[in-house]
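According to TrEMBL, the features are:
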COMPBIAS  743-758  compositional bias 'Polar residues'
DOMAIN    9-176  domain 'CSC1/OSCA1-like N-terminal transmembrane'
DOMAIN    197-359  domain 'CSC1/OSCA1-like cytosolic'
REGION    737-768  region 'Disordered'
TRANSMEM  12-30  transmembrane segment
TRANSMEM  101-120  transmembrane segment
TRANSMEM  155-174  transmembrane segment
TRANSMEM  372-396  transmembrane segment
TRANSMEM  416-443  transmembrane segment
TRANSMEM  464-483  transmembrane segment
TRANSMEM  569-602  transmembrane segment
TRANSMEM  648-668  transmembrane segment
Amino acid sequence: MATLGDMGLSAAINILSALVFLVAFAILRLQPFNDRVYFPKWYLKGLRSSPTRSGAFVTRFVNLDWRSYLRFLNWMPDALRMPEPELIDHAGLDSAVYLRIYLLGLKIFVPVTLIAWTILVPVNWTNHTLAKSDVNYSEIDLLSISNIPLGSQRFWTHTVMAYAFTFWACYILQQEYAKVARMRLHFIASEKRRPDQFTVLVKNVPPDPDESISETVEHFFLVNHPDHYLTHQVVCNANKLAKLVKEKKRNQNWLDYYQLKYARNQSQRPMMKTGFLGLCGEKVDAIDHQTAEIERLSKEIAEERERVINDPKSIMPAAFVSFKTRWGAAVCAQTQQSSNPTLWLTEWASEPRDVYWPNLAIPYVSVSIRRLIIGVAFFFLTFFFMIPIAFVQSLANIEYIEQKAPFLKPLIEIKFIKSFIQGFLPGIALKIFLILLPTILMIMSKFEGFLSISGLERRSASRYYIFNIVNVFLGSIIAGTAFQQLNKFIHQSANEIPKTIGVAIPMKATFFITYIMVDGWAGIAAEILRLKPLIIFHLKNFFLVKTEKDRDEAMDPGSLGFDTGEPQIQFYFLLGLVYAVVTPILLPFILVFFGLAYVVFRHQIINVYNQEYESAAAFWPDVHGRIISAMVISQLLLMGLMSTKHAALSTPFLLALPILTISFHLYCKGRYEPAFRRYPLQEAMMKDTLERAKEPNLNLKAYLQNAYIHPVFKGGDDDEDEEEIIEKLEATVLVPTKRQSRRNTPVPSKVSGDSSPSLLDLQEKGRP
């Protein structure tokens, strides 16, 4: 059981670590040779030039202006100075709304912390229940609900505070939901023209033996959307081609490296081994080998490109269909296209940079099977991860360690070592165990077949949040309770076990405090240092960079990482809501996290991150829903805890809280969520009308025609001209036989030009 001394040591280590990271960042960002690491966003926008191009040789690498070091903390006020509208123009609505999650945490927990420390802490402190019991406890537990005697009237205070905190949180959530919904609608109405505003993704196109996919799509939309259909781009399976292009690029990087190495020392040709990771195999001339590999890959790329373009089997039963107006696209995306609800499935197309192209090649019929497989796999991942979680909890219990490893007792009993183990080690150990988890969850999401990067990140974030609840939160409480009270469980009657668990749950606050300091304090400070991108940039700059273009490509601005960042924030919401009534001492630690993270990520968004996509804050309903789920979990746990305290009069009053919270969620879902799921036709018509008035001669087809062509067909030294590739992809074989699709689409195709029977002819033919 961690004591105040143990917590003090943990706080000292983490505060010192955070200060070291922040000071190191403040100094490194001032050095000219690090400019592209800490300000890459401005370089990508073309608003910043390299300070290493001019001046004395030393000043190109080291900042010799001593005055700048006196202002090394100016990045903090600078990060807060940019107003939100300017931030939206600079970084996008996704980034601005993401920051509002941290502000939401501050809005909820600042008043909650003040009230809890003013009312609940004195109520808990002025008791002697734990001192008179034989339960293991620390000084921190004296400030928790565990210190209230059984059946005490003081539990009414906790009941009233639970209602007060719930009503306040719901009020702030409603205000924020309404604000973000208005921001989204305003952003969509005022943003510049984008291809996804006019484009719909059509999936599960039914096969026709007499028509190609392209003909079928064109024919269907000419009939069913005759006044609004503009053009389309079929989806092709170019995954193998993309892998070859990626492999060629990797070999080109190695060739550049070896050529640069040889240019610096021409006395000896660089050599390499052809085996696994260059550690084994035949030793060959590196430049000649990489050149030969690039030539081989170029031939394979050309052959694969021709196969993709000419082989009908490479065309998937899906297409990006573009319309003449946003109104036409909105009608198509939000309505059922066929009497068979499993065919001609439509949804809004993601913006081109948000499309996850590899998954477009996954057959629609296999998606449900894939998601079932991943659901089972995620269950077992969550279940088996209980083992390392239990191990982490065992580290926090000195008695358990001494029992299992008695030879370590002399070392463990040293005061500093004991404080380090109980106050710091569990938090850092849990952080290490969770390092690979986001990567595993992202691989699972990709296997499930989501078609956009934003969709992949939202699904990964959802699974990460569930994992945190089951393993990190409930797993830590259950494992910790089992280890700490194991002896009592064995020697006491079964009727006493629920009481022991009820007392032990708030005692886990000490573990979560250490985790918050490791992950939420030191971890956030380490984020701004960008140590990994810093090292990688300088390695690339030394070994690979030959031109300014190479130097720009060596930058790694990164992005917000919604799949990892948002579940982390939600976990702190969960901890704050659960422990606000139970152990209020935890709340100030959460406030430090929200405040520090807001400043750090605001700086990163302004100067570093380059978002991969813009979804106009489509993730906010997920954020709102997870906070609601955290509130319900906290209320259920509080009811369970109070039931062990013999609070027979006050506990039943808590039953209404989950019902009220869920009802509030349903209200918000019906009132605000449609703004995030559907595009109002009124807004679409207004924007179309304004655009026609401003640009009456706009050639929209030319703007949209190449928007959704696969990236491997764009650019590159040995790629064919883009227009020629599009023409080949759209070319179809004319079939003189009668098309089956005429039964449903009785008009001629613009591609084939064949005549079709009229509706009257079909009616006459159908009569007996």
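Numbers run from 1 along the shown chain.
Cβ coordinates are placed from backbone N, Cα and C, and glycine is handled just like the others.
Long-range contacts of the transmembrane segment (569-602) within its own chain (CB-CB distance under 8 A, at least 6 residues past either end) are made by residues 18, 76, 79-80, 82, 87, 98-99, 101-103, 105-106, 108-110, 112-113, 116-117, 120-121, 124, 140-141, 143-145, 158, 161-162, 165, 169, 465, 468-469, 472-473, 505-506, 509, 512-513, 516-517, 520-521, 524-525, 527-528, 560, 623, 626-627, 630-631, 633-634, 637-638, 641. The list of residues near the transmembrane segment (648-668) in space but at least 6 beyond its ends in sequence, with Cβ under 8 angstroms from a Cβ of it, reads 151, 155-156, 158-159, 162-163, 166, 170, 173-174, 177, 624-625, 628, 631-632, 635-636, 638-639, 642. Summarising model confidence by region, the domain 'CSC1/OSCA1-like cytosolic' (197-359) averages a pLDDT of 89.
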